[in-house]
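Asks: The structure under discussion is supplied below as structure tokens; questions concerning it will follow.
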Amino acid sequence: MDFKETLLLPKTDFPMRGNLPANEPKKYKTWFDTNIYEQMKAKREGAELFTLHDGPPYANGDIHIGHALNKILKDIILKYNYFQGKAVRMTPGWDCHGLPIEQKVEEKLGKSKKEAMPTEKFRELCRAHAGKFVDIQRDEFKSLGVVADWENPYVTMDFKFEANIYRTLCEVAKRGLLVERHKPIFWSWAARTALADAEVEYEDKEDYSIYVHFELSDAAKEKLGLEGKAGLVIWTTTPWTLPANTGISINPDEMYVLTDDGHIVADARYDAMIEEGVVAGHASRKIAATELDGLLAINPLNERPSKVVLGEHVMMDGGTGCVHTAPGHGEDDYKVGLENGLEVVMPVDERGCYDESVVGLDLLPDAEKFVGMHIFKANEPILELLGDNLLKVSKFTHSYPHCWRTKKPLIYRATNQWFISIDDAAKGSDKTLREAAVDAIDSVDFYPASSKNRLKPMVEGRPDWCISRQRSWGVPIAFFRVKSTKAVIFDEDVLEHVASLFDEHGADAWYSMSIAELLPAGSKYDPADLEKIEDILDVWFDSGSTWNSVLSSGNYDAGNYPASLYLEGSDQHRGWFQSSLLLSSAINGIAPYETIITHGFTMDAKGEKMSKSKGNVVAPEKVVKQFGSEILRLWVALSDYQNDQKISDDILKQTAEQYRKIRNTFRFLLANVNDLDALVSADAYGELDRWILNKADDVFASVKESFETYDFLKGFATLNHFITNELSGIYMDVTKDRLYCEAKDSDVRRATQSAMALISKAMLGLIAPVLTYTADEILAYAPAIFKGDIENVFDLVYEAVPETAASFDDAILLEAREKFSEAIDSLKKEKVIKATLELEIAGDRDLLPISDDKDLEDWFVVSAVKESSKGEQVASFKVEGRTFTVHKAMMAKCPRCWRFTSTSEDCLCERCAKVVGA
């Protein structure tokens, strides 16, 4: 007789394979068509709120794998909080202004067409370009299963948003922190605009290294009691800045020496200068820095005076100890020049070429031929003009600032720019902005903790923030200047009127409306007396003000300020984290975030940066089409994301294997609880059930603890270990007999099913933030006992496994199971046995702490465990120094359950006879 029909074999329609690339898009479409985000809000109304403030990606081009890592990580964290019962908010955003978009539009137009085009028309084209990529990227993010307020994103070029960026600027101005200065800043001659520190990249560049003699004036020599040749030797890597030299900085605490051949260098650098062949003479006289202070040397290029000044910035780790100082071309030069009244000479135009001032100020001999010449092409002619004053010249490669967009080397160039002053105190505050920002950092939690040690020193050491740009596509610094006095108008009525016009017409109003139209009705100002400031804001100001425009404005249902979390790549320590911190500290004196998480960058399998030229780019769209977004999401969760991440086809295939393990574990659990109508009471669980429930409780608490601290790698490693070892490796294996062969409603079967149902549901709540699609699919196939009133995954709230006391200490049992497995391994290989049910174990029964005989037999998946056996001994193993012997089972194989517990092979065992007979 075939007893298969009498077995309760697992049943489920939940498919073994997910067919994710085909099925996910349909499910995601349903979610977004029914606005699942709004449903999530409604389901958690009144609950504790978790706010994740989304840092805006740039609306230019398709998303790359780094974008996918970032948004998936945010989605996992948001959903983790949601499934823990919290209300959540994430309003996605896009950065839409700035140079990269201008460049793309310029490329399409051509330079001459762009220059002939009115600013308003050019801005219109930039707006259209950005709008197109907002739509493209939104769809790409949605294809990753990311749930956010996609219907109401923040877009920095929206009219109201531009108005609020401008209002943030006005708030900074009202607090006295907005200043206009003529000072050197990073200048991109290729893009013709100022840059902020966050827009600077460092690349290797070959430059000249030159040593130049500046002869002392006759009056200086007389004061020092010197005759004959005597001059200071400077070192520089930028010969093109020498025409703008107006000073030489020396260290106030150092001694200087005059050599026999007439050169003055720092005593601490003298030996190095001899070694390098810069000077040759004996050090014949020592001179204190204070003796040189205020004396004049002569610039050998143009005979203009160069004043010797004291500067703390002069170091002794290189050069001569005498620093060429051109206040128009360097931050330190400018500071020391300001302190000592040095003239700021700046003969370079926005294209990086010498302008007419080289002629007007006699900065170079035969200056006319230098007008219009690019400064980098002027190095060689200048070296020739130095003649004998050029003591040594060589070339070397060093790390040099480059423009983030054009990739061209930058220069320092003194121009009129707008700055947020870091070392001034906002009105009403007793702290400078720097102090307020540094103090605010101490209130923030950082993951990883080392992230704090990156942000804090950056803020402690940063210069004033240059927020003006000489471009067209951005929010204008929309202030009026009085033509006659150059005074800037900060009249509150005027500022708010301009902001209200931006609300209605966008920042384009600054370009399309006349001054008269931009002034409020009945204004006391005469439009004829005023001019518009033409600069626009740095895009880092746009994104740095999003806490104000999104979280505080009331225009979005975006959550709380300060936000619970900001999460971006580690490059944002000098970007968004910092710009947001400075503006929030300037206006409110607090950080805009409670927690910062940083992640690394995505690399190929060899750990190399991805680039189209290398052909190693992994596009999210390709991954989703090949593997499904769930695999990409699991890759993120299984990544040590705080460091750089490797991704490749092989890595994704390994991730897909882990996904299959999780999926098939749930499939087995679903299939085995399909006929369970009610959970058993707590006292009905057997020893094995209590063991797995206790183990699951500990493991899930540990997983939850890891997830709470955003350590998804550790959490998933803990969960995977449990699934592989205790759950699938032991419990799901050892309980098959009771699930398939016991009577349908037997206590032991229902208890195990109940344990499986509880574990499944708790485990579902832990995987749902990552594998949301799969969790939803599991629920669709789950029996009523499992899902109750749940319609979809977004109805789910994590439920921990009930606390269950362990029924036994499993240490000895796990060791015994492993030793038994090792002992019989050869029996299987040599085909002495086909299955462990053919065996029985004999030994000290009391050493094995499971009291129920059947549970103990199931633990080893054998037909008997007893004190002694008369069956043929085939193996043995030792536990705690005691020997257990393994024997062929004495009884016959039951044709139904295959346990060797029957009197003959034709007869059912006692248990099966009862079940079938009933």
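Cβ atoms here come from the backbone N, Cα and C positions, even for glycine.
Grabbed the feature section from Swiss-Prot, which reads as follows:
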BINDING   GLU568  L-isoleucyl-5'-AMP binding site
BINDING   LYS612  ATP binding site
BINDING   CYS894, CYS897, CYS909, CYS912  Zn(2+) binding site
MOTIF     57-67  motif ''HIGH' region'
MOTIF     609-613  motif ''KMSKS' region'
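Each of these features: where is it, how hidden is it, and who are its neighbours?
Replies: Following the DSSP three-state reduction, the secondary structure of GLU568 (L-isoleucyl-5'-AMP binding site) is strand.
Around the Cβ of CYS912 (Zn(2+) binding site), a 10 Å sphere holds 23 further Cβ atoms from the protein chains shown. Classification of CYS912 (Zn(2+) binding site) by DSSP places it within a helix.
Long-range contacts of the motif ''HIGH' region' (57-67) within its own chain (CB-CB distance under 8 A, at least 6 residues past either end) are made by residues 94-96, 98, 100-101, 104, 129-131, 133-134, 136-137, 140-141, 155, 569, 601-602, 610, 617-621, 623, 647.
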Asks: In whole Å, how far does the CA atom of GLU568 (L-isoleucyl-5'-AMP binding site) lie from that of CYS909 (Zn(2+) binding site)?
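Replies: About 64 Å separates the two Cα atoms.
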Asks: Average the pLDDT scores across the motif ''KMSKS' region' (609-613) and report the rounded value.
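Replies: 73, rounded to a whole number.
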Asks: DSSP helix, strand and coil counts for the motif ''HIGH' region' (57-67)?
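Replies: Residue counts in helix, strand and coil order: 3 helix, 1 strand, 7 coil.
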Asks: Around CYS909 (Zn(2+) binding site), how many other CB atoms lie within 10 A of its CB?
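Replies: Summing over all protein chains shown, CYS909 (Zn(2+) binding site) has 23 other Cβ atoms within 10 Å.
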Asks: Using the Cβ center of CYS894, CYS897, CYS909, CYS912 as the Zn(2+) site position, which other residues in that chain lie within 8 Å, going by their Cβ?
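Replies: Other same-chain residues near the Zn(2+) site: CYS741, PRO895, ARG896, TRP898, ARG899, THR901, SER902, LEU908, GLU910, ARG911, ALA913.
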Asks: Near the Cβ of GLU568 (L-isoleucyl-5'-AMP binding site), how many other Cβ atoms are there if near means within 10 Å?
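Replies: A 10 Å sphere around the Cβ of GLU568 (L-isoleucyl-5'-AMP binding site) contains 20 other Cβ atoms.
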